[in-house]
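Listed in Swiss-Prot for this protein:
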type: BINDING; residues: 26-33, 144-147, V173, 181-184; note: ATP binding site
type: ACT_SITE; residues: H33; note: active site, proton donor
type: BINDING; residues: Q57; note: beta-alanine binding site
type: BINDING; residues: Q57, Q150; note: (R)-pantoate binding site
Amino acid sequence: MKVISSIQELRDQLRGQNRTAFVPTMGNLHEGHLSLMRLARQHGDPVVASIFVNRLQFGPNEDFDKYPRTLQDDIEKLQKENVYVLFAPTERDMYPEPQEYRVLPPDDLGGILEGEFRPGFFAGVCTVVTKLMSCVQPRVAVFGKKDYQQLMIVRRMCQQLALPVDIIAAETVRDEDGLALSSRNRYLTTDERKEAPELAKTLQRVRDGVLGGERDLGKLEQTARTHLAERGWAPDYISIRRRANLIAPSAAELEAGEPLVVLAAAKLGATRLIDNLEI
């Protein structure tokens, strides 16, 4: 596996490749990330991964400086997955001058849920993903469903900008107790780690309620928020939305069996966790 930081060297290395499968990451890789590499291999060859902690998608009070950086461990894991190239640029490589041009998602998708609680987050994501796509020029790119809203925004962005890349969705990988794998799980204390699977269990109860015929979605959402709050969580949102566009479903759509997803974000101690479950 080649480890490359220069955009020009990356382009030289990939020249002539027309089936490249790309997996962008911020590093601190876990089994969820590695499953993306394996899925990428099913859809293209060679597989290219990137590791770049993107300052643009962190808010002023977020964890950019303490975000785990484990490059050597990550390299070893990617080598075992037979990744062809790891693109690991520095900030100077990616942003040699102030990034004044940004890619802004529409408010109807980028300003809700995560976008409401993390202003500017999706503009940072869209900008860096567009730039990475320009560098790698893949045929397919793989994103995890754990970041459901991000997946939808990136997919729509590629369609709207006519980027010649297919976005592949990968299922969320969970620990044995149901907790969705995340680089931020390492921030949890021992007691918090024991409590953390309750987020997934709460989403499962919401899902069961909808499938059981409950049509008062607001009641289901409020019950779930209250349940987590009583256990010491600080929920940002628990919301049932249409899978197609993350808009709240109408009563008619509910009766017609509209495909739904319940999404959640909540703080447990100092750690903010997100999860979702399709219904």
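Positions of Cβ are set from backbone N, Cα and C atoms, glycine also.
Feature map: annotations from Swiss-Prot on the structure.
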residue : record                    : DSSP class
M26     : ATP binding site          : coil
G32     : ATP binding site          : helix
Q57     : beta-alanine binding site : helix
K145    : ATP binding site          : helix
Q150    : (R)-pantoate binding site : helix
V173    : ATP binding site          : coil
S183    : ATP binding site          : helix
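A separation of roughly 18 Å, to the nearest angstrom, links the Cα atoms of Q150 ((R)-pantoate binding site) and L29 (ATP binding site).
Neighbour counts were taken as the number of other C-beta atoms within 10 angstroms of each residue's C-beta; across the recorded positions H33, K145, the minimum falls on K145.
For S183 (ATP binding site), the same-chain residues that are 6 or more apart in sequence and have a Cβ closer than 8 Å to its Cβ are M26, G27, N28, H30, Y67, P68. For the pair formed by Q57 (beta-alanine binding site) and V173 (ATP binding site), distance between Cα atoms is given as 23 Å, rounded to the nearest Å.
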